[in-house]
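Colleague: Pasting in a structure now, in structure tokens, and then I'll have a few things to ask.
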Amino acid sequence: MTKEKVFKKKSSILEWGKAIVIAVILALLIRNFLFEPYVVEGKSMDPTLVDSERLFVNKTVKYTGNFKRGDIIILNGKEKSTHYVKRLIGLPGDTVEMKNDHLFINGNEVKEPYLSYNKENAKKVGINLTGDFGPIKVPKDKYFVMGDNRQESMDSRNGLGLFTKDDIQGTEEFVFFPFSNMRKAK
């Protein structure tokens, strides 16, 4: 093999190596700062999100703080490997209260249309979907969350407590698996 062919072969290998390194760096940047896939574990968000569904999470809101009441958010648990998928209910400074299956934020009733299926099922068996609680004043720099499956969810009401902005990993963007059920959860 001539020196020219050896040089071209090494040059070609270097070009492929550069392309692979750039692709890996881009993938890491996208995953760490823009979007990341998550797997729903458990029943706390049924039927909005069901166990084993896979969703993409928009991580940009973690840096912009651009999340709002009603968003489905992914939270870090106390252990690094634990994540929770919950609905953002109370923002810093809010007063959260549940009376007779109606949510009140700062004294104003907040409609929760995403709970209609679960509320109908609870009424069929003669119970409220969500037990009364509060009023709870959400401290500065804290967030109050609940699962949509209020009977099955561990959340800010009953064990998980309140979360900080740093605990929020992002908002649910869309469900991508199973493919037959791709959608934007509401």
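Glycine too: its Cβ is placed from the backbone N, Cα and C atoms.
According to Swiss-Prot, the feature topological domain 'Cytoplasmic' maps to 1-15. Summarising the annotation, Swiss-Prot assigns transmembrane segment to 16-35 and lists sequence analysis as the type of evidence. Marked as topological domain 'Extracellular' by Swiss-Prot on the basis of sequence analysis: 36-186. According to Swiss-Prot, the feature active site maps to Ser44, Lys86.
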Colleague: Take the transmembrane segment (16-35) and find every residue of the same chain, 6 or more past its ends, with a Cβ under 8 Å from one of its Cβ atoms.
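Modeller: Answer is 56-60, 63, 173.
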Colleague: Are there residues of the same chain, six or more positions away from Lys86 (active site), whose CB falls under 8 angstroms from its CB, and which are they?
Modeller: Ser44, Met45, Ile72, Ile73, Leu75, Val145, Met146, Gly147, Ser153, Asp155
Colleague: To what whole number does the mean pLDDT across the topological domain 'Extracellular' (36-186) round?
Modeller: 93
